Amino acid sequence: RPLTQEEIAHRRELVKQRHAEKLAANQGKEMAGKPQSENSSPMTGNTGDMRGEEQQPTGQAETMTSKAMKQEADNKESFIAFARVFSGVVQRGQKILVLGPKYDPAESLHKLSSECSPTNDLPLIPHMSCCTLENLYLLMGRELEDLEEVPAGNVLGIGGLQDFVLKSATLSTSAACPPFTPLSFEATPIVRVAVEPKHPSDMPQLVRGMKLLNQADPCVQVLIQETGEHVLVTAGEVHLQRCLDDLKQRFAKVEISVSAPIIPFRETITRPPKVDMVNEEIGKQQKVAVIHQTREDQNKIPEGIQVDPDGLITISTPNKQATLSVRAVPLPEKVTRLLEENSDLIRTMEQLNTSLNEDKKDHEINQRTLDRIKEFKQKLEQNLQGRKWRNAIDQIWSFGPRKCGPNILLYNFEGYKRSVWQCLGNTVKEVSKYRDFDNSIVSGFQLATLSGPMCEEPLMGVCFTVEKWDMCKTGEMLSAAGQNSGECNTTEREQDEDAALTSSRTGEVCSSNEQQDSSQSAPKPPEKFSKQKGETSLADCYGPFSGQLIATMKEACRYALQAKPQRLMAAMYTCEIMATAEVLGRVYAVLSKREGRVLQEEMKEGTDVFIIKAVLPVAESFGFADEIRKRTSGLASPQLVFSHWEIISSDPFWVPTTEEEYLHFGEKADSENQARKYMNAVRKRKGLYVEEKIVEHAEKQRTLSRNK
């Protein structure tokens, strides 16, 4: 039967009494265990009284410091790990292994002895450490109850793990235990801000506070950029505000300055459009010569670079010893998505290939990883179909940026073979004239994909194909010299010895005019040495040949990208809004104002509430929740989650080129271009040149009334 209110109150009183008795018993044990500390305080007080008034100030200072220490101890915060016991019994004071999410028992067990337990001295193994469980707590709302042991199936709090666990970990008494996969969150960190203290002397506290925030929040990311800025990456506007408040009030406890939110974009290319901005078929209208000429001036390519009508770029190195031909092609959407989802696997492939190239035998390849790589290769083959992508899988040179991004580099010239699938057994070891400088081409590709030509943002969904790589005889001599570096060193030493002998002999023979001989004999060895070495060092005035190849490949990729229709890609939120029928119009008005697009609208059964699903650019999401609540008087509440990257359809470099566009958009064509607005905002933030006119199409003011 259900308990009455009186019975519930009576039981509550009994529990309180038991709890008070338990606390009193614990305090009694502590007092009995520390008799010396109890007796010491009155003794020090008595001695202070006996010695007179001079000793009293020190006694007061001691009491003040003890009070301050107590207050600090009360204010001190500590981390409590939230855990669940899956097997066995957890006990206080137990020694246990902390296994990180990347811990692999297959790689670590052979390094351990047969008795691999936390009590023994463990060797240094990555992603594994040993700790002692200091405190176990029962989580009772706001209160924490101390526990001695916790059996399987229970949820508990564990104190003292802050030095061993970053976000999540697996605790086990056996090193053979495979770790649990890290927690996955729907919200992806996408909004970033740069943080700095208002007073530079507070920088250590800020760094420590950001470490604590990174440990406390599973969804935040803390980065230090190449520029030295400390960056917070958060899931959205509300999450960002929460993190900043925690940083100010709890973790760093200093005043901080926060930059404007940094919204990421991506750059890509598309197929040439078939219709223009007024939906007319391209090629059937009359071109307006003046406006078309301005478009050509914008895309002017410097001299020495050949551009074919189909977008093939041919460029030479500064010393004219190598020539590259590069073409850029957009990747299918499915391939781009596949590369994004498997970025960790591509990074693993790169590590395996590097170890194979360096002939490291100790790096064993897991069979499960090999199966995943084979499956990834099959999916790529299925999605890269058609005449344009024939044999493209076997010609993949690298991925980028950072060798694991959603862009591909292909090679399509004779005399060279290299594959990213070396870890599957497709090892190709050949000595060719390209082998010494192929890493320079890959490095140039990585630099080009890391910062595009529009606003220095990373590229996405672009395939670069190197269709020609010609090297002159001097370049081949340089590569041969690189291969036979050992022989070159020995010959150079012999030449140095010969030069030294000849100089000493000339010094002995020509003794009549010592000053002239010394002035003439000194430059002789360098001249002879420079003549002998000059044949292989023609590229010295332009820098190292490998550096020239890196810069040339980067420029070739940029110009190949500019030869195609360029587009910006914006990060998009999936927006779910619950609203009543009365405020639907206002919700749609706010969405359309912020470049949002409604995907679905349905009514919840049995209620008058509509559920609206829409997509919204991250760049337009700041203040969106507040605005929609104000406009609907709190009757609509949005939920934003990062979804995908989407191409902005408008061309940021668009100018009217046909008669119809000229008539429709006018002479200025100054209607708002969303892509150009985003591009100029990013360029201003990065300090790049922005082509903007303060006064455009200015006219002289005309006063109709006569001056009196």
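Using the three backbone atoms N, Cα and C, a Cβ is placed for every residue, glycine included.
Matching 271-302, 335-366 against TrEMBL, the residues noted as coiled coil span 335-366. In the compositional bias 'Basic and acidic residues' (7-22), helix, strand and coil residues by DSSP number 16 helix, 0 strand, 0 coil. Residue counts of the domain 'Elongation factor EFG' (567-656) by helix, strand and coil are 24 helix, 41 strand, 25 coil (DSSP-based). Looking only at the coiled coil (335-366), the predicted model's pLDDT averages out at 81.
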